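Under the heading transmembrane segment, TrEMBL lists 12-32, 38-58, 70-91, 150-172, 184-203, 215-241, 248-269. Marked as domain 'Sugar phosphate transporter' by TrEMBL: 20-291.
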Amino acid sequence: MLLNVSPNGRIIACLLINLLSSICIVFINKWIYMHYGFPNMTLTLIHFVVTWLGLYICQKMDMFSPKRLPIRKIVLLALSFCGFVAFTNLSLQNNSIGTYQLAKTMTTPVIIIIQTTYYKKTFSTKIKLTLVPITLGVILNSYYDVRFNLLGTVFATLGVLVTSLYQVWVGAKQHELQVNSMQLLYYQAPLSSAFLLAIIPFSEPLSGDGGIFGPWSLAALATVLFSGVIAFLVNLSIYWIIGNTSPVTYNMFGHFKFCITLVGGYLLFHDPLSLNQALGILCTLAGILSYTHFKLVEQEEGKEPPCSEAIGKFSLCLAALT
């Protein structure tokens with residue numbers, strides 16, 4: 001695939017693939033919810049299955065080596081994987097793209113609270129202060145969002161909580177089991193698929209309009225399958241970016257995607273944007289940039305380990321499926 005390309009060409013290709021696929025997955029999922037009404041958990045299941053099939057092909061091409069893992073050690077992780085993806089997709093389904101994107105940034109403050117409270121990890125005052133503009137920006141945007149609704153807020157909140165727990169747990173499991181992101185996801189995806197397969201018949205209609213088995217047009221089914229392929233491309237491209245660039249490149253590229261997704265949401269789906277919402281977005285973005293800057297400075301000074309692997313632990317599993 002990209003194995004015979006020069007190192008610089010590989011990095012450029014992966015950045016472009018990741019840029020296009022990361023933005024596309026948000027827009028295409030929103031399109032599926034708005035125009036087809038495809039059931040949320042079934043779409044999540046399809047993403048899981050396609051991701052696992054893609055990883056299976058990758059390991060057959062020697063892109064990574066699978067490692068046998070005891071299922072009992074990843075059961076809770078697989079359950080939380082189902083939860084955060086389902087709730088995040090429900091947030092996308094019930095909120096504007098702007099509110100959905102900004103709500104995800106609240107994962108950082110919640111993770112810091114979890115790590116401080118339960119894992120006794122300490123953070124510098126500068127890092128803690130960056131959480132203030134992030135939180136204020138999210139609150140400001142949500143308050144002035146004309147599409148603000150209670151159900152969307154509930155799903156966004158649950159998504160942030162479960163995502164934060166998942167991120168903490170996946171880091172701990174990678175350390176405990178001594179595996180990388182792709183090795184863990186290779187076992188996690190089919191197990192999560194099995195859990196969803198058991199839950200879906202009781203949570204979503206099997207037939208009729210909006211049911212799992214139809215009636216769906218060929219265009220709807222093709223779009224759903226395409227979204228699964230795009231989801232896998234996000235994961236694969238992030239794997240290459242983390243392996244071939246610096247944490248600074250990854251983070252700055254992530255901020256660029258964040259801005260494009262917000263702008264695209266307002267242009268493609270005509271989400272209304274007030275001046276106060278724009279100020280909230282800028283406030284959150286300022287907080288994110290400050291957090292990244294201080295975090296990278298601390299890592300370069302040796303106060304904590306490099307962040308590229310830490311990013312990989314979570315992003316490979318999260319980005320493609322939200």
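Cβ atoms here come from the backbone N, Cα and C positions, even for glycine.
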Compare 12-32, 38-58, 70-91, 215-241 by their Cβ pairs under 8 Å to the transmembrane segment (184-203) and return the stretch that comes out on top.
38-58
Could you give the mean pLDDT over the domain 'Sugar phosphate transporter' (20-291), rounded to a whole number?
83
Considering only the recorded stretches 12-32, 70-91, 215-241, state which has the highest number of Cβ pairs under 8 Å to the transmembrane segment (38-58).
215-241
